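Data block below; observations after.
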Amino acid sequence: SEMTKTVEISGEGGPLGIHVVPFFSSLSGRMLGLFIRGIEENSRSRRDALFHENECIVKINHVDLTDKTFAQAQDIFRQAMKFQSVILEVLPPYNREQYEKSAIAPLCFLDNEEGVPKTKIPPPVHPKPALKTINLSGASSLEAGVQATLQQAKSPNLPRLGRKSSSPSLSPLMGFGNKKNAKKIKIDLKKGPEGLGFTVVTRDSSVHGPGPIFVKNILPKGAAVKDGRLQSGDRILEVNGRDITGRTQEELVAMLRSTKQGETVFLIVARQEEAFLPREL
């Protein structure tokens with residue numbers, strides 16, 4: 001398309017040295033491709049000026065990455081790197097807004113002038129709930145072209161949705177979906193060299209879209225442990241003034257990862273009242 005540029009690279013010649021995160025449309029929430037978050041200093045990409053930070057890869061060897069999962073997009077990239085020639089469609093930052101608008105058009109009819117879609121495509125139904133854990137401490141180097149920056153772990157021990165005998169509220173952490181006994185806390189974290197320093201976890205809901213997202217662990221290094229206010233079990237409600245209800249864990253992580261070092265992330269979390277938590281006397 002006229003919004004993107006074509007970049008041809010060789011699949012041979014070693015790792016590209018780029019760090020990628022999912023590229024979600026800020027208008028519709030759709031996954032549109034891979035966002036280039038960083039480029040290693042002495043890498044092939046930097047040396048040959050193949051890519052620039054904040055560009056988005058939207059097609060790989062004529063395969064459109066729209067609506068693919070992050071894992072699928074990485075796999076397509078990995079497979080493509082086995083060929084001698086790899087053709088990529090790359091979206092420069094200055095065309096991103098226009099590209100996001102063009103990706104909305106076939107999705108639904110626009111309700112108003114602002115370009116906000118009236119309907120969202122419902123997320124796929126997950127037959128089994130799974131815990132996804134994502135580490136926000138930083139990205140590791142890319143090998144063999146592209147490597148996952150997200151670590152996902154599935155837990156087989158969760159109660160399955162749909163059975164009458166068990167309910168999601170069996171787990172005290174997961175049952176904290178309602179805001180009844182919760183108080184809202186505003187927390188601002190300044191991203192330092194060790195990252196934000198916490199992991200998040202979600203429970204995939206079925207028909208109703210993504211489940212609530214919680215803080216899983218506070219890492220020993222990073223902004224969260226230095227600040228001291230964020231706690232394991234806090235439910236994340238807003239990031240930088242944006243409501244994350246109904247957003248996927250990957251979208252939340254992309255929002256957090258897009259914060260540059262030295263910038264501040266403003267969180268609003270819900271926490272169960274102390275009466276429901278063990279107290280330290």
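Quick reminder: no glycine exception, Cβ is built from N, Cα and C everywhere.
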Region 'Disordered' range according to TrEMBL, out of 151-175, 226-250: 151-175
Within the domain 'PDZ' (186-271), residues counted as helix, strand or coil by DSSP: 14 helix, 34 strand, 38 coil
